[in-house]
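**Q** There's a structure below that I have some questions on.
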Amino acid sequence: MHKDEDQRLLGPAPLPNDPDRSLRPQVLDDFIGQEAARANLKIFIEAAKTRQEALDHVLFVGPPGLGKTTLSQIMAKELGVNFRSTSGPVIAKAGDLAALLTNLEERDVLFIDEIHRLNPAIEEILYPAMEDYQLDLIIGEGPAARSVKIDLAKFTLVAATTRLGLLTTPLRDRFGIPIRLNFYTIEELEYIVQRNARLFAVKISDDGAHEIARRARGTPRIAGRLLRRVCDFALVKQAKQIDRKIADEALSRLEVDHLGLDPLDRRYLLLIAETFLGGPVGIETIAAALSEPRDAIEDIVEPYLLQQGFIQRTARGRILTEKAWSHLGLAAPASTSIQKRTQLSDAQDNVSLQTTLWDGEDD
């Protein structure tokens, strides 16, 4: 991920000074939002405890910052077992994975974040570990090489990914409990902001909490980060409490608008609007023009813009919606509807194709 993207105020990736570690709920009943996922996890955990067996392997899917790591830690606590954590890119060789797995005790939870970035060779070793609780390792090289099987404790693998499509089918099929996490509602985020403010011993009004929540991009981690920054403004201004005026002033100075868009989001929208007349435009072109990696655009910027209805993905590329033009305060082109622009683009392609065919006949 791009360095600048990593440090965005509204980036969902955790920052070193984020307050959310100390604010994380410790049990499922304290976890706010994700009602369906939480209810199902309660049942699965209770069933595993009743049977005195390891919980089936769990796969969390969803944008960053929605609570995948927190839910994994809560699961381990609810099960009364140890929790080990790592991430896909960190497991560089077979020995790294073997060291992790052989140190697990019965029913322990192993959390692997960004599992879609796991080395394919490591993934092959993970298959028998997940299915048969065995490690198949090759010791030595050449004619002297031999296969060694190591029995493992029955553990639970909890994995998280932001890009389900990058997981191979064999790996995806080995997870007995797939769970999708969605963006939070403003009401849920408002409750989280008020809860965090109490833990910070900071007074906040309902409209102040609402103002922070509606700019938090549906992400609890970002809500906590924005609350901390607004607290800084309130402290310096010697405000008795955080109200809507204080929150609006602080967040406006941080260039976070009323829908939670930051400068990178606006650059993205303006690029499509001004340079490409609203689209369609391909993701590679957008990434190159913004000097950002394609992965950062697809994983960090676009999910929220899609969820808010600012853009649409088509077979021909990204297209701005009426809502995006309105938010930017720009007049849309005459043929502004997505259908009209797509049809126009297809018609242009057909003309180009026919011209090429006629040129070929002339030759």
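Numbering starts at 1 and runs along the chain as displayed.
Any Cβ shown, glycine's included, is placed from N, Cα and C.
Below, the features straight out of Swiss-Prot:
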REGION    1-184  region 'Large ATPase domain (RuvB-L)'
REGION    1-23  region 'Disordered'
BINDING   Leu23, Arg24, Gly65, Lys68, Thr69, Thr70, Glu131, Asp132, Tyr133, Arg174, Tyr184, Arg221  ATP binding site
BINDING   Thr69  Mg(2+) binding site
REGION    185-255  region 'Small ATPAse domain (RuvB-S)'
REGION    258-363  region 'Head domain (RuvB-H)'
BINDING   Arg294, Arg313, Arg318  DNA binding site
**Q** For DNA, what surrounds Arg294, Arg313, Arg318 with a Cβ no more than 8 Å from their Cβ centroid?
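**A** Going along the sequence, the neighbours appear as Gly282, Ile283, Ile286, Ile297, Glu298, Glu302, Ile311, Gly317.
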**Q** Mind giving me a neighbour count for Tyr184 (ATP binding site)? Other Cβ atoms within 10 Å of its Cβ, every protein chain shown.
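**A** Excluding its own Cβ, Tyr184 (ATP binding site) sees 25 Cβ atoms within 10 Å.
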**Q** May I ask which of the binding-site residues Arg294, Arg313, Arg318 is closest to Tyr184 (ATP binding site) if we compare their C-alpha atoms?
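**A** In terms of Cα distance, Tyr184 (ATP binding site) lies closest to Arg313.
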**Q** Using a 10 Å radius around each Cβ and counting other Cβ atoms from all shown chains, which of the binding-site residues Arg294, Arg313, Arg318 yields the largest count?
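**A** Compared across Arg294, Arg313, Arg318, the most Cβ atoms within 10 Å surround Arg318.
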**Q** Mind checking how the region 'Small ATPAse domain (RuvB-S)' (185-255) divides into helix, strand and coil residues in DSSP?
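**A** Helix, strand and coil residues of the region 'Small ATPAse domain (RuvB-S)' (185-255) number 50 helix, 2 strand, 19 coil.
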**Q** Widest Cα span across the DNA binders Arg294, Arg313, Arg318, in Å?
**A** 15
**Q** For Glu131 (ATP binding site), which of the three DSSP-derived states applies: helix, strand, or coil?
**A** helix
